[in-house]
Amino acid sequence: MTLTIYNTLTRQKEPFEPLEPGKVRMYCCGITVYDYCHLGHARTCLVWDVVRRYLQWRGYQVQYIQNFTDIDDKILNRARKEGTSMEDVSERFIKAYFEDMDRLHIQKADAYPRATHTLDGIKRLVYELEQKGYAYPADGDVYYSVRSFSDYGKLSGRKLEDLQAGASGRVDLEDSESQKKKDPFDFALWKAAKPGEPSWESPWGLGRPGWHIECSAMVRERLGETIDIHVGGSDLIFPHHENEIAQSEAATGKPLARYWMHNGMVKVGGEKMSKSLGNFTTIRDLLAQFDPMAVRLFILQTHYRNPLDFTPKALEAATNGWQTLQEGLLFGYLFGEKLGWDQLSSNSSVREDNPLVQQFQDAVDDDFNFAGGLAVLFEIAKDLRKEGNILVHQEKTETSPEKLKEQWQTLVQLSQVLGLEAHPPQVHRETTDGLTDAEIETLIEQRTQARKAKNFAEGDRIRDDLKAKGITLIDQSGGITKWHRS
């Protein structure tokens, strides 16, 4: 079966044909680093992690880039509130991001460009747009002239005449800015410096970049003028991705991306999970209650384009589902020796003509239907669980040891494609240099006091020292820190 992708741009499923055979260039709009990530962020990062894993499993060489927005009003507001700098806030929450993603078993991108590290490319792109007549300066600001780009609205399907200015919370429509714009739909590419805010030299004076221009510059600098797949949450379709297209395609005259993919939002009580609504659950709070693999399973059981309804009952059901898969994944470690397997390895390649592999691929090839792929995994896991129970009670199995080994290897490898892994039982190794629980709690309290005193360097030192000794700290909302031994 041919891999098909639902393309937001064309509003239909299309066969996947990369620009260069065997290679995929993929860009994901990342987070604004001003707070801890919530389940909505987890879904976005996890979905594209598994899309990337699947493309690699299908034989593609994937170059995957995900950005950090580290210049933003929300970051500046937090820095002012804490009496620290924009850089301190960004660095702290970038570290927290990686801690959360590591626990969710999300692979690192090939690069994480930041807005502050891409300023030269941003200024070049703004200058190009101005020279080509798509942008205009106004008292130190530079605005993109939306009506100058005839294809504006092609991604979202929105027409300017049908829109009300300011429909998106990310469009700047403060009175002073509105007066500078030639059209209320125009958006800022470069913002003039304001007192007390970071700023950089530019042809238009001191200032900082607008939000939309950052991604256009990063894509161009890291992946080229046209890429294979551009991804992000569905809340970014308009205006962010629409504006990206307008900027990039006006500058180059080429399509920004061949395929546009968007994941649905996580919802709570019918509303989008977001910090602004206060209805969010942070990843670290969630992982204090649920196994990371259960959270992965919860996210993958709903098609990536559909909304995901978050309820405790749904997580509990995913936990039960993970226990079933986990039993199957551990089957070889628990029963392999008893079955006389000559070599306990899950790495032997599975046959391409294996019907279970074909069922899995046929499901996921249909616009990344991970739920369909999971159905195949559950079928294998339940068979292995049944055979394990028979072996325990009757000292025999209904299926041959050779067939069971093939089933187990198939389950392990297909689960790895989805980032689902169960660690084999092993004897606990002492890795904490003899630290007692009380000593660990004392160090955590010292770190808490250092952070309250805005001494984030000391707090980071204590955390890193504990990590080197096999102690992982999990910061949660409300100033609570939990820990576990690796």
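The backbone N, Cα and C atoms fix where each Cβ goes, glycine too.
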Site-mate of CYS215, HIS240, GLU244 for Zn(2+) in Swiss-Prot, selected among CYS28, CYS29: CYS29
Of 31-41, 284-294, 295-305, 328-338, the range Swiss-Prot labels motif ''HIGH' region': 31-41
Segment assigned the feature motif ''KMSKS' region' in Swiss-Prot (from 12-16, 272-276, 347-351, 447-451): 272-276
Predicted model, mean pLDDT over the motif ''KMSKS' region' (272-276): 74
Helix, strand and coil residues within the motif ''HIGH' region' (31-41) as assigned by DSSP: 3 helix, 2 strand, 6 coil
Winner by Cβ contact number (other Cβ atoms within 10 Å) across the binding-site residues CYS29, CYS215: CYS215
